[in-house]
């Protein structure tokens, strides 16, 4: 990102750091924050709509549509150089990822009825998310210099085409009468009254607030750290890639650790520990005098992200099952929208905060916010959530979600 924004206007070559350009890293941080943040502002609007649509019509077609939009946006990145076109590419990417993300999480939630299996599946899925997100830094840093600016985006376009074909195979391989088909052809539309009831639930709002703070505190590391390492610590692109590669490995290992311990430790404990890891990491980051010393705090922060991200979706799904039957698409849309809002604000404000003060004080600010966010998780550890739905024995041939919904509808008719 910092090299892409600072490249020569007349060629695809990157302007190397100099004493003069070192003073401009704040400018690149602000531009990087805008490019990163605009995708998530787009997702704020698209994800709740996607959730309601998926609850009404199923997740199969949205999975395929999201893959197409993702591939088109990545291809646009390969040939767009002006800043406005880069922003446009991120908007298209935001629409595609909104549809794909909500559909994929809804598919996992419906497929795995058991709470433990669902949590493990979600943690494993976010392990792949960690590899993909942080692996992008490695791919970009290793191919940008030797192959040119278009190379990493063309590689990613190829991956996304393969992903689209794989999604088609998964969708077509599902047999008629599967859970996805049941959800797709039953009358599962979400009424405005039910939607507003979910949004107004204080426990749901608390969970959404935790999801918001979690990503709000994570986003700055992706926005301000690479320009700071590149311009102030004179790091090379491949060195920054190594930092995020090691961090990605730490995040993946933490994802797997969470999936093994979910049976023994409350999910809110993981969320609290993740935010505490953030606070420690941000406090230590400014003390890194070389790019290699940044590996420690960067890896700790990414491990904390894995701790909290792996349990947020299971927490929200459990809350909506306990209090509002099982509007999975709706709650996942709201949850991911809250996370997108957190990333948008975190990415956009981190560059501005660093411009107004310094990298060091910006990190200390996010450390304080992370610590305060962990206290939200502590509150839920000592407060039992009252259930408003009555679980009854279901017929063998009927899914839990549809049974609860049909029971709820019959009660309303009475």
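Numbering starts at 1 and runs along the chain as displayed.
The backbone N, Cα and C atoms fix where each Cβ goes, and this holds for glycine too.
The feature transmembrane segment, as given by TrEMBL for the ranges 45-62, 63-80, 153-170, sits at 63-80. If one looks beyond the transmembrane segment (365-385) by at least 6 residues along the same chain, the residues whose Cβ comes under 8 Å of a Cβ in the stretch are 203, 206, 209-210, 213-214, 216-217, 220, 266, 268-269, 271-273, 275-276, 278-283, 319, 322-323, 346, 350, 353, 357. Sequence-distant contacts of the transmembrane segment (341-359), counting only residues of its own chain at least 6 positions beyond either end whose CB sits under 8 Å from a CB of the stretch, comprise 26, 29-34, 36-41, 43-44, 211-220, 222-224, 228, 232, 286, 365-366.
Panel annotation: around the transmembrane segment (86-109), residues 4, 34-36, 38-43, 46-47, 50-51, 54-55, 59-60, 62-63, 65-70, 72-74, 76-77, 80, 118, 121-122, 125, 180, 313, 317, 328-329, 332-333, 336, 340 of the same chain, lying at least six beyond its termini, place a Cβ under 8 Å from a Cβ of the stretch.
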